[in-house]
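*Asks:* Before I ask anything, here is the structure I am working with.
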Amino acid sequence: MNLQLEKMKQNQECERRKRIAEEKHKEWVQKKREEERRERKQKLSKEMAEKATRELEKMQLQEKADVKYKEWLKKKRAEEAEKKKKEKEKEKEREAELQEKRTRSEQIFKEWLQNSRNKTQTALNGFGFPHGKSTGLY
């Protein structure tokens with residue numbers, strides 16, 4: 001009877017130890033899971049923060065690029081406008097020179113016409129050529 005009692009006590013002690021070991025194992029597993037969950041949350045929040053900072057930097061770079069592009073475009077358009085203005089001025093100068101040349105040539109032509117009317121005509125029967133033509137005689 002004592003042996004049976006001792007065996008029962010040993011069995012109960014063994015079962016109690018098993019339950020305690022199982023409970024400790026469950027607690028350890030639960031702690032481990034919570035720790036892993038916390039680590040994942042921290043990692044996720046860190047990744048989100050890094051992603052947000054990258055997005056912010058990207059947006060700032062994009063804004064800077066847009067500002068620089070707008071400045072460049074404004075400068076380029078101003079240069080093109082200046083270039084067109086200079087070309088128009090050159091074209092006006094050329095047109096003015098051509099007009100001046102035309103008026104001068106017309107004036108010279110009129111003077112020549114006036115002078116040619118006033119000039120006496122040369123004799124056509126000069127040097128043995130009657131009416132300016134060769135007669136065929138030596």
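Using the three backbone atoms N, Cα and C, a Cβ is placed for every residue, glycine included.
What TrEMBL shows for this protein is this:
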- 3-135: domain 'Coiled-coil' (DOMAIN)
- 25-60: region 'Disordered' (REGION)
- 78-138: region 'Disordered' (REGION)
- 78-109: compositional bias 'Basic and acidic residues' (COMPBIAS)
- 113-124: compositional bias 'Polar residues' (COMPBIAS)
*Asks:* Please work out the helix, strand and coil residue numbers for the compositional bias 'Basic and acidic residues' (78-109) from the DSSP assignment.
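*Replies:* Helix (H, G, I), strand (E, B), coil: 32 helix, 0 strand, 0 coil.
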*Asks:* Take the domain 'Coiled-coil' (3-135) and average the pLDDT across it for me.
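*Replies:* Here the mean pLDDT over the domain 'Coiled-coil' (3-135) amounts to 91.
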*Asks:* Based on DSSP, tally up the residues of the region 'Disordered' (25-60) by helix, strand and coil.
*Replies:* 36 helix, 0 strand, 0 coil
